[in-house]
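According to TrEMBL, the region 'Disordered' annotation covers A:1-28. The transmembrane segment annotation in TrEMBL covers A:35-60, A:97-121, A:133-155, A:175-198, A:219-241, A:279-300. According to TrEMBL, the domain 'ABC transmembrane type-1' annotation covers A:98-300.
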């Protein structure tokens, strides 16, 4: 074979003779092309700045004094005002909201993954009358806008609160209620995604388990669920972000001030910040809310991007 | 087979929790919504009278609702178009925008860092985004950095009380939503572009096709399936806008209600005006609009594809 067959990627040293001769006619290397490349790079950088700067500004603002914030919002903070964070945490109640979010999301994420996996597993690997119906019942939920459900959902939760015995855990302003609402609204995508995932797992392993005398239950817990770990992880990340960032559902369920979750509490705080003239505490609260998400994003960057975009493609 | 024993017990045990929670907290509200939308229920007392389509007639005559509906149409038409164009542009820059010295088509340097930064708004709560941009567009003496920046670069003439101008409100919401969506689609389209064989680009290059032609004739047609799906998803997302408007402009949709959207109008009617029947009717309207938008968006691009093929 002649040298012209070599892939261009490795010809960075100038390319093969024939390639070199044609170079001027190739749009990839002309001087004008270089300018275009620079302009393109400029656009990319510009969008990077447009994305990053407002957030960096918010983080810097959380370190400033209120005086600095008002007089010189674009400047760098003179020092780190740790007090902003303690005011946000206690006076502005962000600490309580943070705790509420942690409690609700711990419950909702555990139950979503557990029940989602159970439902998806049965729908994926067991044939029974009504299987397809249930599957489409779940998947159909993907296209329903959350707003239509808000009003009746409020009453469903309120009415469950007046049930005997269990009612005290299930009414409005209850962690468990909000968590169960999150679970319900996460079911369509979770079941959809995990059903597809369980279908891809090899049957041979399951058969081996049956030969060893596994019951249906132990087959799921000891064999199938561990094998589904990669799918479970990306879905757990997806659901974590969705639950942690949820704004409209808690607005309906958690009407009592002390039960607000973070995103909702920040929204209320933002609405009153102007009157209290304490902007830096608001931004400190914002940074507190942002930290868990930032950590998850940095640690699981690839999985988060893959997991969230898979939501559209599947 | 010994597995037969207890099979249905197992299926039932495993299905009951997910199906039960889903039915109680998600499905039953949707079913009830349609009925509630035909009552005059205040939500405060148990009294509710069936009033047929009166709420729908009221919507027809409600000027504020028309404003909200109009704003939703702006969102659903403008945000996806902006997002799609910017998303495709940046994704193609990142993945096939670079040219190595030998003329090979590559991604630009640092493209993975760009993707990390671009994608970040996607993992943030809309509440945080709303708050940050509330202050970006705030007056200068309340931390408003946009006016500061304009002043700093000598464009004082462009300084405005952004959130006090009724005419600007919905366009500010358009910008904020686009800002928060673009990165997601850059990453989505990037994944599709990575799958395009490099030889195709090299062939196009040898044929002397320009960047723009390559983009139009090679890149776009080959990621079209992803674009189609993303486009419908964008329409559904753009229909929302609730959190952004609620946080940046408040429950009345800002000055003169000029930035109102249907989601906020619905929330206001239910939880501030105690008119749950009417709120539910707005919810039904939103469902219909979302479905129609999704179908139209699907149709819109499908036709285009035939043209390109």
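Cβ from N, Cα, C; glycine included.
Those TrEMBL annotations? Automatic predictions, nothing curated.
These figures come from a predicted structure and were not determined experimentally.
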Among A:35-60, A:97-121, A:175-198, A:219-241, A:279-300, the stretch with the most Cβ pairs under 8 Å to the transmembrane segment (A:133-155) is A:175-198
Other same-chain positions with a Cβ less than 8 Å from the transmembrane segment (A:35-60) and lying at least 6 residues past its termini are 73-74, 76-77, 283, 286-287, 290
Near the transmembrane segment (A:175-198) in space but 6 or more residues beyond its ends, with Cβ under 8 Å, are 100, 103-105, 107-108, 111-113, 115-117, 119-121, 123-125, 135, 138-142, 146, 153, 157, 160-161, 169, 224, 228, 231-232, 235, 238-239, 242-243, 246, 249-250, 253-254, 259, 261, 310-311, 314
Contact set of the transmembrane segment (A:97-121) with the rest of its chain, CB cutoff 8 A exclusive, min separation 6+ beyond the ends, reads 89, 138, 175-176, 178-180, 182-183, 186-187, 190-191, 193-195, 197-198, 220, 224-225, 228, 232, 235-236, 239-240, 243-244, 250, 254, 259-266, 288-289
Long-range CB partners for the transmembrane segment (A:279-300) (under 8 A, at least six residues beyond its ends), listed in sequence order, are 58-59, 61-66, 69-70, 81, 84-85, 87-89, 91-92, 94, 98, 237, 240-241, 244-245, 262-263, 265-266, 269-270, 273
